[in-house]
Amino acid sequence: MSERKVLNKYYPPDFDPSKIPKLKLPKDRQYVVRLMAPFNMRCKTCGEYIYKGKKFNARKETVQNETYMGLPIFRFYIKCTRCLAEITFKTDPENTDYAMEHGATRNFQAEKLIEEEEKRIQQEREEEELNNPMKVLENRTKDSKLEMEVLENLQELKELNQRQALVDFEGMIDQYREMEKREREREKEEDEREMKEMLDRALVKRLRESDSDSETEEESSSKQSNKSSSDKPTDILTADKPTEAEGASAGGAKKAKVESWERSVGTLGGKGALGSLVVRKKPAMTVSKPCSVTETAAPISQTDSKPATTDASKPVTTQNGSSSLSLLGAYSDSDSNDSE
């Protein structure tokens, strides 16, 4: 199997290239080539701008009966991107440029137009000098005068450059940098001084506030201690009530208001303090024999016998809190049972 990419082709020994027939193609035939617009142009039909570098599929042909020093000139056909109008331009080997022919106008040709104008003026001057010798003398005087002016201007520029050459630019730059450095240091010192003053003022203010706070706290604590030492919660209970004599001497003034707790409980300093809360136990009505009581009560300890000799009308309490009359009743009952 043969290779796919073959660079060398086989020529048989009896190959004769003269026997190959030649194609007869017209000289003005056209080729399709891919190119970019060589300059900015504007379509005459629709006014569309075509910028330099835009790509086109153009038709290329050789211009007949037109050469420049033996070099052929080529013509290109493109179409407008908006209205599809045909635009043609050709090569210009004399000016190493392209020349617009049909369908559009070239933009931004200021430099080229100036060059063409200078060439035209130069040609006219040469024609005048050729036929008029006085014109040649005038042109020479003008040229010499213009040259003197140019030399004077050049001399002024040289002197200016020499004056500027004496200036030490490096020294000026160093001096300027030194000034900037001193200015920055001065600003930094001012900032530090202002900051220190602000901190001092804030510290003094804080100290004053702390002193005032401590003074107020001491005053409040001393007041509270004095109040706590002088006033007690139970002092109001031990306070004496105004007597009736004081009320009478007041000349018929209104009686002092009696608190609700004084009406219910009373004051501790009065004679009848808590009197309504103490209830006395009434003596029991019992009949007993005095002799038997004395006989049976004889073996009782002295602590029990002493209250037995007291008045029977008064109740006597023992250590266990019971009444002596109830004890005597119990002993009398036990004696009666023994006698039976």
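Even glycines carry a Cβ here, placed using N, Cα and C.
TrEMBL annotations: computationally assigned, not manually curated.
In the structure as shown, the Cβ atom of Cys43 (Zn(2+) binding site) sits within 10 Å of 20 other Cβ atoms. Residues annotated as Zn(2+) binding site in TrEMBL: Cys43, Cys46, Cys80, Cys83.
The compositional bias 'Basic and acidic residues' annotation in TrEMBL covers 179-211.
Residues or ranges marked as region 'Disordered' by TrEMBL: 179-340.
Under the heading compositional bias 'Polar residues', TrEMBL lists 289-320.
Among the features that TrEMBL reports, compositional bias 'Low complexity' is placed at 321-334.
Within its own chain, Cys83 (Zn(2+) binding site) has Cys43, Thr45, Cys46, Glu48 as residues 6 or more apart in sequence whose C-beta sits under 8 angstroms from its own.
Between the binding-site residues Cys46, Cys80, Cys80 has the most other Cβ atoms inside 10 Å of its own Cβ, all protein chains included. Taking H, G and I as helix, E and B as strand and the rest as coil, DSSP gives the compositional bias 'Basic and acidic residues' (179-211) the counts 33 helix, 0 strand, 0 coil.
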